[in-house]
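Here is what TrEMBL says about this protein:
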type	residues	note
TRANSMEM	6-25	transmembrane segment
DOMAIN	15-133	domain 'MgtC/SapB/SrpB/YhiD N-terminal'
TRANSMEM	37-55	transmembrane segment
TRANSMEM	91-108	transmembrane segment
TRANSMEM	114-132	transmembrane segment
TRANSMEM	144-162	transmembrane segment
TRANSMEM	177-195	transmembrane segment
DOMAIN	182-391	domain 'DUF4010'
TRANSMEM	202-224	transmembrane segment
TRANSMEM	236-260	transmembrane segment
TRANSMEM	306-327	transmembrane segment
TRANSMEM	334-357	transmembrane segment
TRANSMEM	363-382	transmembrane segment
TRANSMEM	394-417	transmembrane segment
Amino acid sequence: MNIAHAQVLSSFQLLIVSAGIGFLIGLERERKASAQAGVRTFTLVAICGALAAFISQLLNSPWIVGTGLFATAVMIIAAHLRNPDQSDPGTTSVAALLACYLLGALVWLGQTPFAVGVAVLVTALLYFKAELSGIASRLTHSEWISMLQFAALSLVVLPILPDKGFGPYDALNPHQIWLMVVLISGVSLVGYASLRLFGDRYGTLLVGFAGGLVSSTATTLVFSRHARSNAMFAPAAGRVILLANLVMLVRLSLFAIVVAPASFVPIASVMLAGLLPGLIWIVFAWPSGADPASLPLPQTRNPTEVRVAFGFAALYGVVVVASTWLMETVGAGGLYLVALVSGATDVDAISLSSLQLQSAGRLLPTAAATAITIAALSNLAFKTGVAMIVGGSAIRRPIAIGMGAVASGIAAGLFVLHASS
């Protein structure tokens, strides 16, 4: 009886999650007064998807989900043809409803995290219709060429690159090097696209987040200059600078998930120790000041430009060779020295090389976390100096306190990591 109750409870939980997905997407559609499908329709469609998957499992007939999808599509299209909405051709709503059905089925089939993530993505695509409309026309000719070149190099060249070591200590693996380039460029492209598409319309939060994804160093320099030239702009500039550098800490943790999952927990715990005081300082203690009507944007190169990609590949290769050589000759201390020096201006190369060494079994997760932490502290110190010198007295004190709090938190996190290991 207890087992039966547990099964019923689990089934209802899955149905509730499916309904929640439909409710989320339907809530976005409900914003439009003329929408034919809203919260109720999307919720019911998601539940239908879950029930179809349930019946499919019960009868051991996978085709039931497909039949249900076809029937749902026919009913949606028939309803639209019977009462068309002239302001909306209906293509997007039909696609969203079909996606909602499939997401409900995925939840029942045990893919809840994936389904929820896709639901959030679908909702975002629907919500940002105005911003995404005409995106192709807003890209310049050179940006199109750059992205097509990068796509060719990533999708065509990457699979055929040799996946073995060359050069000193077999440290240069062409496939791994270019894979790291694709990872960095992909993350940077998200920030670059956010800046191009949304610009300064969403205030310091978006600009700081996107600037941190593209280049926290460039963001620090640009906003320091503007703080010096206009004291009224200083509070917003300082918030953007600190936010961009907090995003850098999140980037490093995400790299660990992709490249060396065993290093994620030690790295994320140290970075979280720096992230929390930074966020507290921004929210509760930063000098007040409203965002200006227009925020300047950091002028960075398109991260998909082949020249930029090859530049990072060369830097990464040099750091990998130097790190491996020093690891072999003087141990982990040599890697820490490379992290201290190279991390000042570029934290990505040494971080990824450390993660690669850990993934290959040449470095312990704690040592990789230490190297990345040293690089992050060196990078924070460099950018703090840039902000204080270039930004002048208007942001000198709040930047010193904010960045100092972040660095202190990171250092404390590293100390706890070593004390507990």
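Here the Cβ of each residue, glycine as well, is placed from N, Cα and C on the backbone.
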Region pair the transmembrane segment (144-162) / the transmembrane segment (306-327), three or more CB pairs under 8 Å: yes
Same-chain residues at least 6 beyond the ends of the transmembrane segment (306-327) whose Cβ lies under 8 Å from its Cβ atoms: 146, 149-150, 153, 167-169, 171-172, 177-178, 180-181, 184-185, 333-335, 337-338, 342, 346, 348-350, 352-354, 356-357, 362-363
Per-state residue totals over the domain 'MgtC/SapB/SrpB/YhiD N-terminal' (15-133) - DSSP helix, strand, coil: 95 helix, 0 strand, 24 coil
Proximity verdict for the transmembrane segment (202-224) and the transmembrane segment (236-260), three or more C-beta pairs under 8 Å: yes
Criterion met for the transmembrane segment (236-260) and the transmembrane segment (394-417) (at least three Cβ pairs under 8 Å): yes
Which of 37-55, 334-357, 394-417 contacts the transmembrane segment (91-108) most, counting Cβ pairs under 8 Å: 37-55
Beyond the flanks of the transmembrane segment (334-357) by 6 or more, those residues with Cβ under 8 Å of it: 176, 180, 183-184, 217, 248, 251-252, 255-256, 259-260, 263, 312, 315-316, 318-320, 322-327, 363, 367-368, 370-372, 374-379, 381-382
